Amino acid sequence: MDVAKLLHLNNDKQAILLQLSVVCVAAILGRFLLISDYDQAFAVRLYSVIRFESVIHEFDPYFNYRTTRFMTENGFYQFHDWFDDMAWYPLGRIIGGTIYPGLMMTSSFIYSLLHAINVTMDIRNICVFLAPLFSSFTTLATFLLTSEIQDTSSGLIAAALVAIVPGYISRSVAGSYDNEGIAIFCMIFTFYLWIKAVKTGYLFWACACSLAYFYMVCWLFSRLLILGFFLGWIRIFNKHHTYSCIDAHAYWEIFKSRLLCLLYCNFSTILSMQISFVGFAPIISSEHIGALGVFGLCQLFSFYTYLRGALSSEQLSIVLRVFGLSLFGISLIGGSVLSATVGLYYCFRKLTDASIFAIIYGVTSVYFSGVMVRLILVLAPIMCILGAIGVSGILKSFSVNLNVPDSQSTKTPSKLTAANGYPSIPNSNKLYKNTVQDSTYPFKNTVASFMVLLILFLLILFTRHCIWVISSSYSHPSIVLETVDGFGNRHILDDYREAYYWLRENTKADAKVMSWWDYGYQITAIANRTVLVDNNTWNNTHIGRVGQAMASSEEEAYEIMKELDVDYVLVIFDINKFIWMVRIAGSTEKGRHVHENDYYSPQGEMRVDDRASPTMQNCLLYKLSYYRFWEMKTDKTKPPGFDRVRGQVIGHRNYELHGLEEAFTSSSWLVRIFRVKSYANRGVN
C-alpha cells in the first residue's frame with residue numbers, strides 16, 4: 001500500500017505532496033540542508049559575512065548607511081531638513097528632499113523596535129542584514145502571489161526558486177544596503193494585494209493595496225515600474241505614443257476575446273517595410289517593439305481560434321498537451337527564460353484576471369530587462385513564478401498516472417467516494433472498482449516516473465548552480481578584495497578602509513578631499529571628510545572640473561585644486577577609468593582643450609610605457625599613480641616599475657612633484673593620498 005492511499009489523499013493532494021517532495025529532495029541533494037524557503041532565502045545571503053565580516057558593500061550603500069545613521073541619531077524631522085555641507089563642496093546637497101526615505105525609515109524603525117525590547121544591535125549591523133531579512137519576506141510574498149495566480153503547489157515551488165535565483169540575490173546579499181533588495185518585496189507584495197483586491201472586490205484588500213503602494217513609493221526602484229504594470233504596459237515614447245495606445249487597446253481586446261480583423265490593418269508591418277525610407281526601422285527600433293509583440297499575439301490567438309473550430313475538444317486537448325511538452329523540451333535546451341514559456345502556456349489555458357496580470361508582468365519584464373540589464377532584478381521574480389507554474393503543471397499532468405499500472409485495468413474511485421475526494425468509509429476495498437484504462441491517455445507509469453525524476457534532476461542542477469554563483473560571484477564586497485595565490489592561500493587586501501581610516505585619524509575635520517566621484521560616498525561615510533564630488537552625479541560641470549585636474553599637467557592641476565580649495569588628493573592606482581575622466585572633462589565649457597586622442601599612443605592605444613603619449617605621461621593622474629613606482633620590484637623576471645596589470649614597464653620615471661607631496665600609500669599600493677602644498681611665499685622658488 002503506497003503512502004497516498006495510506007493517508008487517504010485524493011489526486012490533487014497527491015500532486016501537491018509530490019511537488020513538495022521534489023522541491024525538498026532537490027534542495028537537499030543540492031547541498032542545501034535547510035528547513036524552509038524562508039530560512040533558505042536568509043542563509044544563502046550570508047556568505048560574505050562568513051568569509052569576511054559584517055561589512056557594507058559597494059558605493060551607494062555607504063551613502064544609505066550614513067543617512068540612516070543620521071536619521072537614527074537625530075530623528076526624521078532633522079533628517080528631512082538636513083543640508084549636507086560635506087558633499088559636493090562648495091555647493092553642498094539637500095538630503096531630505098532629494099532621496100526616497102523608505103530604506104532609512106525601515107532601518108530606523110527596526111533599530112528603535114529592538115532597543116525598545118532591550119535588544120542591543122548596532123545600526124550598521126541592521127543595515128547589513130536588512131536585505132537578507134526582506135528577501136525572506138519576498139519568498140512569502142511570492143508564495144502568496146503565485147497561489148493567487150495559480151494554486152498553492154505552484155506557490156511552494158515559486159518560493160523555493162525565488163529564494164535562490166541569482167538575478168535577485170545579486171542585489172540582496174548581506175551588506176547590499178540599497179533600495180533594490182527591499183523594493184522587490186514591496187513590489188511583489190503590492191502585486192499580491194492588487195490581485196487579491198481585483199479577485200474579491202473587498203474594500204479591505206483595496207485599502208491594504210493602497211497602503212502597500214504608498215509604502216512602495218518610498219522606494220525609487222519600484223514606483224516607476226509598478227505604474228507601467230498597473231496600466232497594462234502603456235509606454236510613452238515621445239511622439240510615438242500612438243503605438244503605445246494601440247498596443248494597450250489590442251491587449252485589452254485580445255484578453256477580452258474580442259479580436260477584430262481591423263487589427264491586421266493596424267499591424268501591416270511587412271508592407272510598410274517595402275518603402276525604402278522606412279526599411280527595417282519597424283523591427284529594430286524600440287518604438288515598434290510593442291506593435292510587433294501584439295502582432296505575434298494576434299497570430300497565435302487567431303491560430304488557436306481556428307484550431308478550436310476545426311478540431312474536437314479531445315483532439316484540441318491533445319494538441320495543447322503536445323505543444324506544452326514541446327515548449328518544456330525546448331526550455332531544457334534553450335535556458336531559463338524559455339522555461340517560463342511553459343508557465344505562460346498554463347496561464348493562457350485558463351485566462352483570469354490574475355493570469356492576465358502574470359502574462360503582462362512577464363512580457364514587459366522580458367522587454368525591459370533586454371533594454372537595461374539591471375532590470376533583470378525585476379525579471380527574476382516573474383520568471384520564478386511562471387517557471388513554478390510550468391513545473392507544477394507538468395508534475396500534475398504526470399502525477400495522476402504515477403500509480404496507474406501499465407496493464408489495461410486500473411482502479412478508479414466508485415460513486416461511494418465522498419465529495420472531498422476521501423473515501424466515506426476508510427480502508428474500504430468496496431470503494432474501488434476495476435475499469436478499463438483510457439487507451440488515448442498519453443502518459444504511462446514509466447514515462448511519468450521518468451519525467452518526475454528528470455524534473456528532480458534539473459532542480460538539483462539549478463540549486464547547485466545558484467549556490468555556486470552566490471558563493472563565487474555575489475559574496476565579495478568591493479571595498480575588501482581577496483586574492484588566492486598558487487598554493488590556494490587567501491590574501492585579503494583591505495587598502496580602501498586602511499586609507500579611509502588614515503584620512504579620518506590624520507587630517508583636520510574640515511579637510512577637503514578631491515577624488516573621482518566613484519569613491520565620494522565611501523570617503524564621507526568612513527573617513528568623515530568633505531568631498532568635491534560623489535556618486536550622486538547631478539552636476540556634470542563640477543565632475544568635469546575634477547576630471548580636468550586629473551587630466552591636466554601638474555602645474556595646471558595645481559591651480560584648479562587651489563580654485564576648489566582642495567587639501568588632499570586621493571587616487572586609486574588604476575588608470576582604467578582615466579579615459580572617462582578625460583571624456584567628461586572635455587564635455588564641459590572649461591575643458592574644451594582636453595581631447596581624448598591626445599592621451600593615446602600613435603597606434604591608438606592607452607599605454608603607460610615609453611610609447612605612451614607625452615600628454616599621458618605628464619598628466620596628474622599618471623604622475624600620482626606611478627610616483628616612486630620605479631622603485632618597486634613587482635616581478636623577479638622584470639625590471640623595477642613593471643605594471644603587472646598592463647604588462648608594461650612605466651615610461652616616465654625619476655620625476656619630482658612640486659605642488660603636492662606624498663602623504664600616505666596603502667599596504668598594497670592600491671590607494672595613494674597626496675597633500676596639496678600651500679602657495680610658496682613671495683620670492684621663493
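Every residue gets a Cβ built from N, Cα and C, even glycine.
Per TrEMBL, the feature domain 'Oligosaccharyl transferase STT3 N-terminal' maps to 41-329. The domain 'STT3/PglB/AglB core' feature in TrEMBL is assigned to 512-573. Sequence annotations record features per position, and here TrEMBL assigns transmembrane segment to 15-35, 94-114, 126-146, 152-169, 181-197, 203-234, 259-283, 289-307, 319-345, 351-368, 375-395, 447-470.
The stretch from 126-146, 152-169, 351-368 that makes the most Cβ contacts under 8 Å with the transmembrane segment (181-197) is 126-146. Each of 152-169, 375-395, 447-470 was scored by its Cβ pairs under 8 Å to the transmembrane segment (351-368), and the highest score goes to 375-395.
Taking pairs at least six residues apart, the transmembrane segment (152-169) and the transmembrane segment (375-395) share three or more Cβ pairs below 8 Å and count as touching. Per-class residue totals from DSSP over the domain 'STT3/PglB/AglB core' (512-573), listed helix then strand then coil: 33 helix, 11 strand, 18 coil. Confidence in the domain 'Oligosaccharyl transferase STT3 N-terminal' (41-329), given as mean pLDDT, stands at 75.
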